[in-house]
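Just below is one structure, and these are the notes that go with it.
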Amino acid sequence: MRNYWDYIKVEELLSLQGGFDNDESKLSNDEVVFIVVHQVYELWFKLILRELETARDLFRQNPVPDMKLANAATSLRRVVALFEQAVPHFRVMETLTTRDYLDFRDRLIPASGFQSAQMREIEILLGLDDTLRIPLGREGSYMAALRSSDGSPSAALARVEQRRQSGPSLKSVLYEWLARTPIDGPATQESADRFAKAFIAGHEKEIENRVRLAKQNALTADDITRLEERYRAEIRFAERFLRAEDEEGLDDEARAFRRRVRAAIVFLESYRELPRLAWPREVIDLVIAVEQQMIIWRQRHARMVERVIGRRTGTGGSAGVDYLDQTALRYRIFNDLWAVRTILLRKPSVPLLSHEDEYRFRVED
Ligand code: HEM
Ligand SMILES: N[C@@H](CC(=O)c1ccccc1NC=O)C(=O)O
């Protein structure tokens, strides 16, 4: 007969908290907390990976079936919810006082969360660029840290190597999809570049309005000059961004591709009320929510670490909290999605579209 314990595998699950010696009777409550919190995180990571892979596989199709965008949004919403639930778990770890943790910490060396294969898989599947990675203390690379202390391969290493070979990242398939967006007309380089030019003109119009308002509010001449200079700087940023002139080392084709991606993001964000743009915009907004939650995870982990071990060197050999704070600050994957928020225009200032009707739901006569 079917029962709970056979389906959830409760007895097997409850036998896994014995640490290196597989003997829970030898462990304090503190150490069992330490182990269980990690195991819960690894289960949340497992679910996050499944959903990210589902979303990545949807966007890997060309064309991406419009009817599937809602499914991608569902997967990404679940990833956000999983991270949102996982982040507060660090509160349980903080019931460990520094001295309690020191009772068993030395026995853990050189083990470290740096060897969490699933965290690396999440970074790889999202599309974290290896050139951004901050080297750990001892090992040359994060892959080296996944080897056993005698340098032999491990199940963790195999898992990450498998992930690295298991297809493109969510970032690369999402950007390919964005680059195929029909922007106010056909999905061509010309329509993307034409839209970008019109959008910059929208910024010019916005500035004229703001400067006129500034003059009406009788700000001093210096204030107005300062305001105008700041607005001009914003336009220059928007121009460099939309022309992809801020990226070094791109050949013409790669730069044109980046221009299409960035113009598409601006287009989706600026006209998201148009029915056929609503789901694409929802998806890119959820991708930002996913990355935001991952950054919060890194920062919350670092604050818990600081509360428990201060600024000691990590058991994995890193600078500890200093290393973790750097990863939270520097590891950014969807830069273009974040950057667009700096250059969007108020609704009245976005360019009028020539083919707006093409983005409404087609009502058959
Ligand atoms: C008392 C609890 C914890 C302490 C003191 C701690 C400390 C640290 C330190 C110092 C590092 C930097 C690498 C090193 O030198 O070891 C690190 C990395 C890491 N820890 Fe923790 N950690 C704790 C709990 C956790 C938990 C519960 C998780 C959940 C899975 C976790 C996941 C990670 C991950 C994924 C990394 C690698 C981060 C990166 O390289 O970006 N840690 N931890
Ligand atoms: N790096 C941690 C040790 C640690 O947290 C840890 C050790 C073994 C297994 C998982 C760990 N969790 C996260 O790094 C520390 O420096 O205290």
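Every residue gets a Cβ built from N, Cα and C, even glycine.
Among the candidates THR225, THR313, THR315, the residue that TrEMBL annotates alongside PHE34, ILE35, VAL36, VAL37, HIS38, TYR101, ARG105 as binding substrate is THR315. Sequence-distant neighbours of VAL36 (substrate binding site) (same chain, 6+ residues apart, CB-CB distance under 8 A): GLN17. Under 6 Å, Cβ to nearest atom of ligand 1: this is the test, and of the binding-site residues ILE35, VAL36, ARG105 it is passed by none. A Cα-Cα distance of 15 Å separates THR315 (substrate binding site) from HIS301 (heme binding site).
DSSP classifies THR315 (substrate binding site) as coil under the three-state reduction. Contact annotation for binding-site residues (VAL36, TYR101, HIS301) versus ligand 2: none, no CB falling under 6 Å from a ligand atom.
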